[in-house]
């Protein structure tokens, strides 16, 4: 039984610990700053995904000769900019006294590049290259994602870390999923839209860019000192827990599992690669396979992706209860990877029916007749067999199979993306994670660089059968790798002494009650 002096000593220690970490006012401001970081992550991924379903019809409208392979280059320009500038923004954030300045600069770039994308209708020449330029600088602005991830690691206690990483991943997932939904909201504006100042049209293609400008300006304001303050508690907490004098001594005493860390980084690459397949190829694939018009493809994909977004939100809410009942490594392998693999398997076409063949808009028949079709003519809707030779031989992808595969992906993707990053953070241990999070960010960048180019090339040249088999095999590789490392993926919770100290007063009261009873 503890005496009064010992209990008072524990109370004093607990009180000092809490005061050393932060005051209630500082905690409130820190939580607000974290919410701003979550919103920034959402906006940066939204800026990538909101125009994905509209890129092909927008490019085809501006330049009839650009082609789908060039579309892949446009999609890849965004992550290329992020990949190149992520180390620069990371270095800048480490050297700067506050991360506010890098964030404000990135928001200015984001707004200017998004406005440029929405003004391409008034560009008279080389418009496809200007589109690449605009998307590249949207990617440059999104290099601040590496700062988001490292800040979440630095601005959370051990108790908060898993939840904070999960919320950041949720924000990223929602940005990817709801971007195409917001694109679909603007389809009533049509391809020509309404003229604004200097004859710049507000259309279903340009409105998403203007929405990015508005949200970017809002995000910029949120980084003003009144709303955002750079509050970091992780280093101080770890110094106290491990009894070290400096932060450097603390993290040098702990070494991560490098093999598992690299397995998780590769797994993220593959997961994002597969998701980009559906986002970048979804519109042209459905136009080819189901003979949809541009407007129908945008509207229908918006509905499908909205349903996927709702499923993803519900799935995210299920992750925490699932991980309490089953180990996180099992949920990742059998929930995330297995469902994604089933989705790719469902998308493999079979049967004897081929897609409806589409003639070029200008076509000369064998009898000498030369015809120029209208954009919405039935003859030009479907799979362009002149450009894509496989259209006449590869089986058609069924609409039901497409929907089922997409829904399976909507369940598997949020599970996998969330748990890959959550387990990754735990594997690294209680240490500053900026450099490792930078590697994780670059893995996602690489998948978004090579994903659109690779899938666009494979789809255009070889068709749905080859592209779906390729992604299926690609998903199997990290699943097998993680299965072999399964036991090393499970990390027991680190005992948070700070939490214990915060509960000492309650334990003291219970002890006093026992003393009174005895």
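The backbone N, Cα and C atoms fix where each Cβ goes, glycine too.
Those TrEMBL annotations? Automatic predictions, nothing curated.
Looking just at the domain 'Major facilitator superfamily (MFS) profile' (33-490), the mean pLDDT is 84. The domain 'Major facilitator superfamily (MFS) profile' annotation in TrEMBL covers 33-490.
For 36-58 (among others), the entry in TrEMBL reads transmembrane segment.
Among the features that TrEMBL reports, transmembrane segment is placed at 70-91 (among others).
Residues or ranges marked as transmembrane segment by TrEMBL: 103-123 (among others).
If you look up TrEMBL, you'll see 129-152 (among others) marked as transmembrane segment.
The transmembrane segment annotation in TrEMBL covers 164-189 (among others).
Proximity of distant same-chain residues to the transmembrane segment (209-228), defined by a Cβ-Cβ separation under 8 Å and at least 6 residues beyond the stretch ends, is recorded for 32-33, 36, 39-40, 43, 46-47, 50-51, 100, 103-104, 107-108, 110-111, 114-115, 117-118, 138, 182, 202. Marked as transmembrane segment by TrEMBL: 209-228 (among others).
Through the fold, the transmembrane segment (258-281) approaches residues 49, 52-53, 55, 71-72, 75, 176, 179-180, 336-337, 340, 344, 406, 409, 413, 416-417, 420-421, 423-424, 427-428, 436, 439-440, 443-444, 446-448, 450-452, 455-456, 459, 467, 471, 474-475, 477-478, 481-482, 485, 488-489 of its own chain, all at least 6 residues removed from its boundaries and within a Cβ separation under 8 Å. Feature annotation from TrEMBL assigns transmembrane segment to 258-281 (among others).
The annotation transmembrane segment is assigned in TrEMBL to 301-319 (among others).
Annotation source TrEMBL lists transmembrane segment at 331-350 (among others).
TrEMBL lists 403-424 (among others) with the feature transmembrane segment.
Marked as transmembrane segment by TrEMBL: 436-459 (among others).
Residues annotated as transmembrane segment in TrEMBL: 465-485 (among others).
Of the Cβ pairs linking the transmembrane segment (164-189) with the transmembrane segment (403-424) and spaced 6 or more residues apart, 3 or more are under 8 Å, so the two regions touch. Long-range contacts of the transmembrane segment (436-459) within the same chain, counting only residues at least 6 positions beyond its ends with a Cβ under 8 Å from a Cβ of the stretch, are 48, 68-69, 71-73, 75-76, 78-80, 82-83, 86-87, 90, 145-146, 149-150, 153, 256, 261, 264-266, 268-273, 276-277, 280-281, 284-285, 421, 424, 428, 466-467, 470-471.
The transmembrane segment (129-152) shares the most Cβ pairs under 8 Å with 36-58, out of the stretches 36-58, 331-350, 403-424, 465-485. Spatially, the transmembrane segment (103-123) is not adjacent to the transmembrane segment (331-350); fewer than three Cβ-Cβ distances between them are under 8 Å for residues at least 6 apart in sequence. Nonlocal intrachain contacts for the transmembrane segment (331-350), taken as residues 6+ away from its ends with a CB within less than 8 angstroms of a stretch CB, comprise 267, 271, 274, 319, 322-323, 394-398, 401-402, 404-409, 411-413, 415-417, 419-420, 423, 464-465, 468-469, 471-472, 475-476, 478-479, 482-483, 486, 489. Among residues of the same chain six or more beyond the transmembrane segment (465-485), those with a C-beta under 8 A of the stretch's C-beta atoms are 259-260, 263-264, 266-267, 270, 273-274, 277, 281, 329, 332-333, 337-338, 340-341, 344-345, 347-349, 390, 394-395, 455, 458-459.
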